[in-house]
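TrEMBL annotations:
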- 22-50: region 'Disordered' (REGION)
- 25-35: compositional bias 'Low complexity' (COMPBIAS)
- 36-45: compositional bias 'Pro residues' (COMPBIAS)
- GLY75, LEU76, ASP77, ALA78, ALA79, GLY80, LYS81, THR82, GLY106, ASN162, LYS163, GLN164, ASP165: GTP binding site (BINDING)
- THR82, THR99: Mg(2+) binding site (BINDING)
Amino acid sequence: LYPPIAVASSLSHPIPFPPIPPSLSPRSNLGQGPVHPSPDPPPPSGFSKNKMGLSFTKLFSRLFAKKEMRILMVGLDAAGKTTILYKLKLGEIVTTIPTIVWDVGGQDKIRPLWRHYFQNTQGLIFVVDSNDRDRVVEARDELHRMLNEDELRDAVLLVFANKQDLPNAMNAAEITDKLGLHSLRQRHWYIQSTCATSGEGLYEGLDWLSNNIANKA
């Protein structure tokens, strides 16, 4: 197994468990989030899906440039986490905006190490392989195990129901049920259908995440 990888400033130079700086953003009230079953809502003004790869850098900068945010991206192995980071071109922009995004490996042997990143996390992105019906229960168990950690009690949850381009993929409503998201009555959460390879749905999910982190400050 490869060691866990954290992506902070450059995708080409992964680094092991870096020191975690203190959060600069206090957090407060909790609540239940809505379900967004498809990536169909209209994109923001001036957003072109045909130019998605080129525009994501500017869009992400606009979403997260106002203040420091600490975001943890996790999920089982092969869920599509690293593909999402490459699509967002985070290696190009995280060095210029005060946002820290950790992408932690998902192999079962290293999942206990995820908690090293929990401290001061404001936003949790949980990536699910919507086509992997055999491991969706495993994904649910890992998600709820994390959410029970005291250090994540105030973290906003964004679920990316990834790989929606595959013909047998579960839709967001089914993923919501399989992950038991409706039981999270004391947490802001949101599910967004995505296709990491095309970028479909990524902006909409991150837009929700940035707004809700900002509202909790």
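Just so it is clear, glycine is given a Cβ too, placed from its N, Cα and C backbone atoms.
Because TrEMBL annotations are produced automatically, they should be read as predictions rather than curated entries.
Recorded features from TrEMBL, shown on the structure.
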| residue | record | DSSP (3 states) |
| --- | --- | --- |
| GLY75 | GTP binding site | strand |
| LYS81 | GTP binding site | helix |
| LYS163 | GTP binding site | coil |
Number of other Cβ atoms within 10 Å of the Cβ of THR82 (Mg(2+) binding site) across all protein chains: 19
